[in-house]
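Noted in TrEMBL for the protein shown:
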type     : residues : note
REGION   : 1-30     : region 'Disordered'
COMPBIAS : 8-30     : compositional bias 'Low complexity'
REGION   : 103-138  : region 'Disordered'
COMPBIAS : 118-138  : compositional bias 'Basic residues'
REGION   : 287-317  : region 'Disordered'
COMPBIAS : 289-309  : compositional bias 'Acidic residues'
């Protein structure tokens, strides 16, 4: 019965994933094209058009919008449309996005060094989140392409939602380690059982992973047991800092520790189901071998086969 269920789920998931792969690739292509044009636009703004009008990051957008529209936009449109077809509206959106980022950075600098440090940590956290989502999406695509029996059971809509929304993934902040964990660079000087000079320690930091309290065992199993092992297999760049799980009571950065809007019920644990008024009846179970210990050996064998295949591909490339 399980095999029939798996077969039906696999065939339907395979057909849907293949039908969306072309659409996702076209979306990726259009996104890549937009980024390329935007990069060219900024080059032209900073070179050929820099003497016509320079957007001031210290001024508000309203204060200079008229000059941007009347002085900068017409010649920019003329240059860009020699090679690319793009509207004035999109060009203005690109310019606004760049101004907003630089205006924010300028304001932060004016608030002092401590605020700059905080922003740097926040930016690093956001970069790690984007990299984590990118790696997990890449691993999931690899599993789908290789018709992994577990990943194909999940609804495509749920997978896309989970992989794209940062709210489903734990945040990773670089934080200073407790002083007792700092490495000793110079030992203490002891004479007659008395410490003459204290040991010198070097301050260290690690990446602390802050868990989302509301995530269900089913969601954690998908991310940690089904996707992340393949992330590790496909990973090329080594980690530079140790990663540690932060204690719940020590989670100082819980501003986004709330489920995303429209979260599927199977992604919530029992406490979250009750707190957010979700029904706990008929919650779908996609990884229905979760509690079947007899399949653990098969899981390991599948992962070993994947690792061997990736190693062979790496050696041959």
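Yeah, the Cβs are placed from backbone N, Cα and C, and that goes for glycine too.
No curator has checked TrEMBL annotations; they are predicted automatically.
Sequence-distant contacts of the region 'Disordered' (103-138) (same chain, at least 6 residues past either end, Cβ-Cβ under 8 Å): 57-58, 60-61, 163-164, 166, 169, 171-174, 207, 223, 227-228, 231, 234-235, 253.
The region 'Disordered' (103-138): residue composition by secondary structure is 34 helix, 0 strand, 2 coil, according to DSSP.
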